[in-house]
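Trainee: Just passing along the structure, written as structure tokens.
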Amino acid sequence: MTIRLHDTNARQIRDFVPLTAGCVSIYLCGATVQAAPHIGHIRSGLNFDIMRRWFAYRGYDVTFIRNVTDIDDKIIAKSAEQGRPWWSIGYENERAFNDGYDALGCLPPTYEPRATGHIPEMIEMMRGLIERGHAYEADGNVYFDVRSLPGYLTLSNQELDDLRQPSGEGETGKRDQRDFAMWKATKPGEPSWETPWGRGRPGWHLECSAMAHKYLGSAFDIHGGGIDLIFPHHENEIAQATAYGDEFAKYWVHNGWVTMSGEKMSKSLGNSVLVSEMVKHWRPIVLRYYLGTPHYRSMIEYSEEALREAESAFARIEGFVQRVTEKTGEVVPPADEVPPAFAEAMDEDLGVPQALAIIHTTVRQGNSALAADDKEAAADRLAEVRAMLGVLGLDPLDPHWAGEGDRGEDLHGVVDTLVRLVLDQRQSARARKDWAAADAIRDQLNQSGLVIEDSPAGPRWTLGPR
């Protein structure tokens with residue numbers, strides 16, 4: 001079946017037809033590194049990580065670009081406020097973003113270009129736009145002439161005459177107040193670069209148009225980002241690129257927000273939950289399940305209750321994986337192919353919720369096989385489950401998650417040793433038929449969040465839901 005994606009520009013789900021057979025090129029607007037990431041930022045990267053994994057499973061050669069905006073007004077303002085170099089703020093937060101992506105199991109991009117490393121490409125694009133009559137210089141600034149492009153605002157489905165001047169775009173010398181800055185003239189104390197029009201720094205929109213052109217050429221398959229980027233950022237990217245002569249992106253794919261009390265999670269609103277704090281209290285694989293299993297276009301309302309539900313749901317999957325592994329005495333490899341129903345769900349606009357239902361159904365079938373002592377059927381179901389989980393980046397037996405890193409593996413070993421000591425005491429109580437003492441030990445372990453299961457091979461423990 002053909003992969004189908006919701007194209008924001010077409011306002012419908014379309015068949016994906018690559019520009020080059022067997023290849024897919026994706027540009028994702030990545031981090032603006034003025035602060036450490038919250039889970040809303042990481043959700044976007046995670047959604048597109050699932051997309052690239054599915055394309056790879058379907059046999060595509062994937063080129064995935066995720067940029068870093070390492071210079072903008074907020075970074076400069078924070079630099080002045082903290083008395084630190086602008087670049088040190090950017091590098092520190094870029095590392096925090098990459099730590100967050102890695103913690104939640106996102107594969108590294110093919111390239112992750114920084115805006116400040118591509119000033120020559122931006123200058124070349126501005127020169128071309130000025131020559132074509134789509135841009136002009138005024139007082140050291142370079143503006144895009146929005147009235148020069150008839151198709152402007154098609155992506156966001158707006159009318160130019162209804163458009164208000166964007167906030168923060170009150171620079172002098174504009175022909176039309178709706179024209180947007182591609183290059184901002186230098187100001188005292190701000191970083192700047194030399195151009196034919198004087199020293200200055202790039203505007204946000206120019207950066208992505210220039211970097212997408214450099215790494216993916218004049219035409220590429222998919223441009224992605226959060227829905228808040230549709231206007232003005234993506235609209236202005238399209239304007240610059242198409243006026244420059246590029247075909248630019250064939251499909252526009254946007255993910256929903258993480259919200260809190262109905263409002264978008266945002267640094268500026270002060271309602272953000274940092275990834276670095278979340279991973280102290282929740283297993284990263286549970287966070288990935290929580291953020292990655294709703295449909296990418298839906299909103300996720302943040303709550304502790306929803307996280308606990310995700311934790312419980314994943315525990316059922318993980319428990320099945322552990323039980324079959326113990327029963328068979330070996331690590332069952334993933335199947336070569338996912339079940340057809342799972343593939344059908346993923347092909348239809350990355351229908352992860354529907355695909356997840358197939359996983360849970362397969363887990364139930366596997367548990368029934370275990371109950372019937374049918375090891376072969378249980379192993380077959382586990383192979384299917386692992387194949388499906390692998391596509392979603394959620395296979396608990398994947399090396400990335402096995403022990404959840406060295407620190408997690410060490411901690412698990414310490415906890416296992418301590419629990420085994422307590423379980424030995426329980427076994428001794430059972431051996432002398434002191435059932436009250438044995439039950440009391442089990443109850444205390446349960447109250448600590450551990451689930452104890454008695455099996456012919458002896459007691460085993462797992463983490464229970466919170």
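Cβ coordinates are placed from backbone N, Cα and C, and glycine is handled just like the others.
According to Swiss-Prot, the record shows the following:
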{"type": "BINDING", "residues": "Cys29, Cys208, His233, Glu237", "note": "Zn(2+) binding site"}
{"type": "MOTIF", "residues": "31-41", "note": "motif ''HIGH' region'"}
{"type": "MOTIF", "residues": "264-268", "note": "motif ''KMSKS' region'"}
{"type": "BINDING", "residues": "Lys267", "note": "ATP binding site"}
Trainee: Using the CB centroid of Cys29, Cys208, His233, Glu237 as the Zn(2+) site centre, which other residues of the same chain sit with their CB within 8 A?
Mentor: Trp204, His205, Glu207, Ser209, His223, Gly225, Leu229, His234, Asn236
Trainee: Take the C-alpha atoms of His233 (Zn(2+) binding site) and Lys267 (ATP binding site) and report the distance between them in angstrom, rounded.
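Mentor: Counting only the Cα atoms, the answer is 18 Å.
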Trainee: Going by DSSP, is Lys267 (ATP binding site) part of a helix, a strand, or coil?
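Mentor: Once the DSSP labels are grouped into three classes, Lys267 (ATP binding site) ends up as coil.
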Trainee: Given Cys29 (Zn(2+) binding site) and Lys267 (ATP binding site), what distance in Å do their CA atoms have, once rounded to a whole number?
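Mentor: On Cα coordinates alone, these residues lie 18 Å apart.
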Trainee: Would you mind giving the whole-number mean pLDDT across the motif ''KMSKS' region' (264-268)?
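Mentor: Average per-residue pLDDT within the motif ''KMSKS' region' (264-268): 84.
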Trainee: What's the CA to CA span in angstrom from Cys208 (Zn(2+) binding site) over to the residue listed as 'ATP binding site'?
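Mentor: Cα of Cys208 (Zn(2+) binding site) to Cα of the residue listed as 'ATP binding site' measures 22 Å after rounding.
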Trainee: Including all protein chains shown, what's the count of other C-beta atoms within 10 A of the C-beta of Lys267 (ATP binding site)?
Mentor: 17
Trainee: Using Cβ atoms only, which residues of the same chain lie under 8 Å from Glu237 (Zn(2+) binding site) while being at least 6 residues apart in sequence?
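Mentor: Looking at Cβ-Cβ distances below 8 Å from Glu237 (Zn(2+) binding site), excluding near sequence neighbours, one finds His205, Cys208, Ser209, Ala212, His223, Phe248.
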Trainee: If you count the C-beta atoms lying within 10 Å of each candidate's C-beta, which of the binding-site residues Cys29, Cys208 ends up with the smallest number?
Mentor: Cys29
